[in-house]
Structures are given as structure tokens and as C-alpha cells.
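The structure appears below as C-alpha cells.
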């Protein structure tokens, strides 16, 4: 017999009040902010690792700006007009202020501003609408901010392929190129390079939709966005082909007799050239400044799961990639009422593709005949020649496919243009993968040699940037 009489309180079953607070929850401490997701933690870790690269890049560009400011002061000229509203900067500011003009005469003397792509002036106008200062000042601030983002992305690509030391040297070298003064001017090169760097990094890390969106934006920034479109789309086709080949090579399922199934085949490789590293990953063994043997031995051999979702992401990234470039070129054609509208505008600016005939003629005339050629044009010619040599080294180093395709198409566009010669070095500024052989050589060198090489490049860039802006006097 139960020791407790029926009907007493002790015998009644306990009924919890759903509205009453949980004592454990009452006594528990107040929860802090929700932990960051893996993507946020990875981005934060990458930014911390990029600190030396960003500081080195900023130091090089500050040196160039100080030299330009001092030289301009000696000529009784101001620094800000040189950076903010000269040459192409004025065209972009005009678009930000008044929009595009649709009056077009292919045989007329007044060039059309439809030759300039819209993303940079749209960003300047949007930022100027919520910040103090003139649009010219905002344009320079936007360019500087984008240049820092570009240096970060360049470091990220270099670090992924060859380690942090090479990534740091690569970012500093990009800031010490002969015409790097343009990176802190009201031009589109910094914005475009930032989009290129992070899109290529997204491809290398199998983030296809991100790569496609960034490529779409690059196609709204510069006509050479076509080079990035080619890189993303070709890499996507190769990734899909590898997935298909891996699926076709899958072993047949085990027979019904009960024998053990054949071990599953390894997942299909992606176009990434090194495994994705996140802060949660196990630490990698330390390695020297030389190239990681993995990307050199198999530049397309980092296995990732092959599934339908991944196929959809690859296809979506490839479909997004060309939309920006196609949208602007198509819009210009519609506004002008002719299918070749954008290319007619380029012809009005004396800029059309001729397969490199004009480039070769100019190089021959410049380097073989004049007794006293202009220093600026000689440097531009040397940049073009060295860029081709560096691309050959990139192929020999077996760089990942996205980088090689981007560099190849960029060189094809720049060298094959029949337009004006002087801006060709500036057009190649986004081609930072071409600097990887130099970055590898400097990173392998003794520390003193590396410091001297980078310091010499920084001083040369500072001098030439000021010379180009104040002595040469023409557009960069």
C-alpha cells in the first residue's frame, strides 16, 4: 500500500506551466552576441594576415604621393587637381553630374562620353550624396578605398597560391608599378582591379556565384572586363568538364551477391589550385617563400564534393559573369539605334582592335628611330615588352587556369588595340598575376636583397608618377 494517501498534494502529478520561465534560463547569464559565421571568421582572419601587405602597399603609395606633392609645390601647382579632375577623371565626374549624352556623330570632333563605363561614376554619385565634399574629392576617396581593397585581394590570391610572404610582396609590387600613381586618382583602375582580384580569388576557392557577381560588376566598370569574363567562364567550363569526367569514371555499384562495393572515387577536382584554408582548419606546416608544390604539380587538382548543387553554382556563376559587359554594350547600341553603337563610339575615339599592327609599328618607331624619344613613352613600351615576357614565365610556372586566361585576354586586348599608345601601361594595371614571377623571385631572395628591390621599385614608381603628371603633362 502506498505510504501517501490518495488525494493528497504529494500524489498529484506535477503539471508545468508553459508560461512560467525556465529556472535554468533565469539563472543563466545573459547571452552575448551571436558567434560569427565561418565566412565572417575567414574574412577576419584573412584581413589580419593581410595587415603587413596593406601597410606596405600604403607606404609605397604615400611615398609616391609625397613626391608628387613636393614636385607640384616646386612648380606652384596644387596636388588635389592633379588627382581629382584631370583627363578621364573629368569625364567620369561629368557623367556623375549630368549623365550620358546621346548626341553622337561618328565623324564628328566631339567625343562621346558613352565610351566610359558607368559603375565608377554611379558609385561616386551615390557616395557623394551621403557624404560632405565635392564629387571630385569623393572620387579620389573612392579610388583610394578601392585601391586598398584591391591590394587586399591581390594579397589573398598570392597567399593562397604561394604563402603570405609572396602575397605581401605581390601587393607591394602592384603599388610600385611605373604608373601606380593612377591608383589614387579619380580613375577606374583601382575599382576594376579590386573586382578582378576578388573574383579570381572566388574562383580559386570554388565560390562561383560570388565570382560571377563580381565579374558582372567588372563588366560595368571597364571594357577590359571582358578578360575577367573569359577567365570565369573558361574556368567554369573546365570545372564542369572535370565533374562530368569524374562522374563517368565512377565505379559500378556492387552486385547483388553481397560482395563489398568498390571504394568510391575521390571527388572531382575544381579549378582551385590549393585547398581552401579557414581559421577552423588545422594549421599548415610552415613553408618557405618558394611556390607551393601543389599548384605547380597540379594547378587544377584540389578535390571538392561533386554534387548537383555545386554544378548549379558553377553554371550560375558562368551565366552571371558576362551580363554586366553585355548589358552596357547592348544599352549603348539601343540608345544609338545601331547594333555596333558602342564600337562606333570607340572608333570615334580612334580606338579599335587591329590585331597589334599599330602597337608593333609604334614600338618600332619609338625604340629604333628617334634620337631622343620621350621618357614616358619609352617606359610604356618597356612595360608592354616586359609584360609579355612575364606572361611567358607565368605559363612556365603553371599558374592556375583563371589567372592565365585573364592575363592572356587582357594582353590580347591591350596589345591588339589600334588606338592611342600612351595609356597602355595603365590599361595593364589590373594584370597583377603578371607580377607573380617577380614576387616569387623577391620572396625567395635574401631579406636585404628583397628590401632593396622593393625600395628601388617604390622610389622608381614615385619618381615616374610625378614625372608623368608634371613633366610629360599628357594623360596617363
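Glycine too: its Cβ is placed from the backbone N, Cα and C atoms.
Where the annotation comes from TrEMBL, it is an automatic prediction and has not been curated.
Looking at 208-241, 242-275, 276-309, the stretch flagged in TrEMBL as transmembrane segment turns out to be 208-241. Here TrEMBL gives transmembrane segment for one range in the set 104-124, 314-334: that range is 314-334. Of the candidate ranges 208-241, 375-396, 427-443, 450-472, 450-472 has the most C-beta pairs within less than 8 angstroms of the transmembrane segment (169-188). Against the transmembrane segment (314-334), the recorded stretches 208-241, 375-396, 450-472 differ in Cβ pairs under 8 Å, and the greatest number is found for 208-241. Cβ atoms under 8 Å from those of the transmembrane segment (208-241) belong to residues 117-120, 188-189, 191-192, 195-196, 198-200, 202, 270-271, 300, 311, 313-328, 346, 401-403, 405-407, 409-410, 413-414, 427, 430 of the same chain, restricted to positions at least 6 beyond its ends.
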